[in-house]
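S.K.: First the structure, then my questions, so here it is.
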Amino acid sequence: MAHQAHSYHMVDPSPWPIFGAAAALLTTSGLIMWFHYSSTTLLTMGLLSMLLVMLQWWRDVIRESTFQGHHTPTVQKGLRYGMILFITSEAFFFLGFFWAFFHSSLAPTPELGGQWPPTGVKPLNPLEVPLLNTAILLASGVTVTWAHHSITEGNRKQAIHALTLTILLGFYFTALQAMEYHEASFSIADSVYGSTFFVATGFHGLHVIIGSSFLTVCLLRLIKFHFTPNHHFGFEAAAWYWHFVDIIWLFLYMSMYWWGS
Amino acid sequence: MYYKFNGFTQRLVGAAASTAYNPQKADGLPVHLKRGVPDKLLYRTTMALTIGGTIYCLVALYMASQPRSQK
């Protein structure tokens, strides 16, 4: 049997990349069919296939790493680069929405009443629920770091407790934010204020949900003994992502909630 | 799983997880089909959804691009 003379992982042929591309096609064209022809069939198929592809692709990565041992230090280094680059690209994604916000709010047009917040818009009080949300996310940053230290020290019980607490804080944030959305006196249709506010905080909320899901998967893996004190990159990637989500919120809070009120 | 009675002590055969599925077995199966039947079912469902959906998508886009048959 031939053995490789390098420390990289030559993966088995896999259908998930092309199925993932097809899922993206179905989702985007599904949005068109929903917006213009009021049909949700294609969108449902797209979201469902996207979910199936993600589940199976990442299940395979877990099989290749935890169960087949293919993730050498070299492979892990590549994964670290990959996650850093992905998070950087997400930072640029949010940068665009911050640009839009500052473009409209630094020089408010006459149509808005020449002021920011625009005339007639009653912004949310930054010292009420938004401040609580800030505290929640900062606390969750502490608990996820606690979980990481527990993993490296081999303390299983504390790691499970800390990670569970992190996830619960994430759910609490999402619930409070959903309530805020419901109670706000303005909507996404209320001038460029509503657009910038709800698009930026909305995408942030989506990232909180994604981060919470990632952390939940890590909790399940932690309980099933997948992680070792020296090798737990899946958890580290989730923790990086979670810190990123926290930092984006801090910028959102300072600019849109506080300065913009 | 079954009991083997022709031994000095009775043993339960096939109950250990390792007899059901060995991720490192050199059976030529790619990683996405390694567990056998459940993997195959999920794979075929995903394939049906994506390939069927792509065809439906192309048909829908063709119909949408027709000038007069819009609803």
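Even glycines carry a Cβ here, placed using N, Cα and C.
This is the feature table in TrEMBL:
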type	residues	note
DOMAIN	A:4-261	domain 'Heme-copper oxidase subunit III family profile'
TRANSMEM	A:16-35	transmembrane segment
TRANSMEM	A:41-58	transmembrane segment
TRANSMEM	A:79-102	transmembrane segment
TRANSMEM	A:129-147	transmembrane segment
TRANSMEM	A:159-177	transmembrane segment
TRANSMEM	A:197-220	transmembrane segment
TRANSMEM	A:240-259	transmembrane segment
S.K.: Please figure out which one of A:16-35, A:129-147, A:240-259 racks up the most CB pairs under 8 Å against the transmembrane segment (A:197-220).
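M.R.: Comparing A:16-35, A:129-147, A:240-259: A:240-259 has the most Cβ pairs near the transmembrane segment (A:197-220).
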S.K.: Taking the transmembrane segment (A:79-102) as the reference, which of A:16-35, A:41-58, A:159-177, A:240-259 gives the largest number of Cβ pairs under 8 angstroms?
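M.R.: The stretch I would name here is A:240-259.
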S.K.: Can the transmembrane segment (A:129-147) be said to touch the transmembrane segment (A:16-35) if we require at least 3 CB pairs below 8 Å and skip pairs under 6 apart in sequence?
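M.R.: Not in contact, no.
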S.K.: Going along the chain, which residues at least six beyond the ends of the transmembrane segment (A:16-35) come within the CB cut-off of under 8 Å?
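M.R.: Residues 41-47, 49-50, 52-54, 56-57, 60.
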